[in-house]
Amino acid sequence: MTAFGVEPYGQPKYLEIAGKRMAYIDEGKGDAIVFQHGNPTSSYLWRNIMPHLEGLGRLVACDLIGMGASDKLSPSGPDRYSYGEQRDFLFALWDALDLGDHVVLVLHDWGSALGFDWANQHRDRVQGIAFMEAIVTPMTWADWPPAVRGVFQGFRSPQGEPMALEHNIFVERVLPGAILRQLSDEEMNHYRRPFVNGGEDRRPTLSWPRNLPIDGEPAEVVALVNEYRSWLEETDMPKLFINAEPGAIITGRIRDYVRSWPNQTEITVPGVHFVQEDSPEEIGAAIAQFVRQLRSAAGV
C-alpha cells in the first residue's frame, strides 16, 4: 500500500525575480530534472515523487508567482496572473537557475503549458518530457464532464470572483474533488496556506481557469497551445505520457490524440486530475526509469 508522506520535499530557496521573491526546491547534483506544478498547487505536489529521482540529477521544483511560497503580485486584479505574466516570471526564474543543456521536464496542469512552451523555445536543451493531466491541445466545452463543466463556466463568468476569491472553491472543492483518496487535514492545509486570505491573494486560482483554451478563447492562449502541440506531434523528443484512469482533462478524443505523438512511452495509473496525490510511487518509478534510459542513451 502506498504511504502518502505529508512533509514537503527539500528545503525552500528563494530568488528575486522582477522585484518579487520566488520560491523553489533545488536538491542534488547533475543534469536538471524540473518538476512544474499548475493550479492551485505548488512544489508540494511533487513531495512523494521527487525522492524516486534522487541520485539521477539535480531536482528542481518552482512555485509559480502568487502560488506556494512565492510572493503575490501587487497591485492585483482581473488582469494579473495571466498566462503571459506567469510565463515571464517562471522563465526568468529558470534562466536564473541555469538549468543547463540536458533538462528533463516533469509537467502537470498549467505547468505543462509552461513547460511545453519553454521546450519549444529551447529544443536543443531538453532531453525528454514526462507529462500527466496536461494541456495538450485547445479544448471545447464538450470535452468537459458535465459535473465539472458548470463549475469552470462559472469561473469564466462574473460569478468567478465570489467563487474563487471569496469561497476559495478551487482549493476547497476542485482540488479534493479531483483526487481519489481523501487528503489529510495536514495535506489540505499545505495547499490552503498560500490562499488563506480571501480576496486578491486568491486571484491566481481564478486567472488560471479564465486562461484555459476553450472554444477559441482566450485567443492568445489557443494560439500558444497550437504552436507547441504542432511541434510535439512531430518531434522525436522522448516523451513519457502518464495516463490517469479515469483522468479529467486527458480523456476521450484528447487521450486518443496525445497517443499519436511520436517516440512516446505510456503508463496508466489510478487518478483523476491531481494524480500525484493518488499514485506517487508508480509515477516516481516510471519517471526514474524514463530518466535512466535517457541518461544511458546519452552516455551520461
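Glycine is no exception: its Cβ is also placed from the backbone N, Cα and C atoms.
According to Swiss-Prot, the domain 'AB hydrolase-1' annotation covers 32-155, on the basis of sequence analysis.
Every protein chain shown contributes to the tally, and the Cβ of Asp109 (active site, nucleophile) ends up with 25 other Cβ atoms within 10 Å. Look at Swiss-Prot and you will find Asp109 tagged as active site, nucleophile, backed by sequence analysis.
Residues or ranges marked as active site, proton donor by Swiss-Prot on the basis of sequence analysis: Glu133. Taken residue by residue with DSSP, Glu133 (active site, proton donor) is part of a strand.
Neighbours of His273 (active site, proton acceptor), defined as other CB atoms within 10 A of its CB across all chains, total 24. Per Swiss-Prot, the feature active site, proton acceptor maps to His273.
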Measure from the CA atom of His273 (active site, proton acceptor) to the CA atom of Glu133 (active site, proton donor) and give the result in Å, rounded to a whole number. 6
Can you count the other CB atoms that lie within 10 A of the CB of Glu133 (active site, proton donor)? 25
Could you give the mean pLDDT over the domain 'AB hydrolase-1' (32-155), rounded to a whole number? 98
Three-state secondary structure, His273 (active site, proton acceptor) (per DSSP): coil
Give me the CA-CA distance between His273 (active site, proton acceptor) and Asp109 (active site, nucleophile), in Å, as a whole number. 8
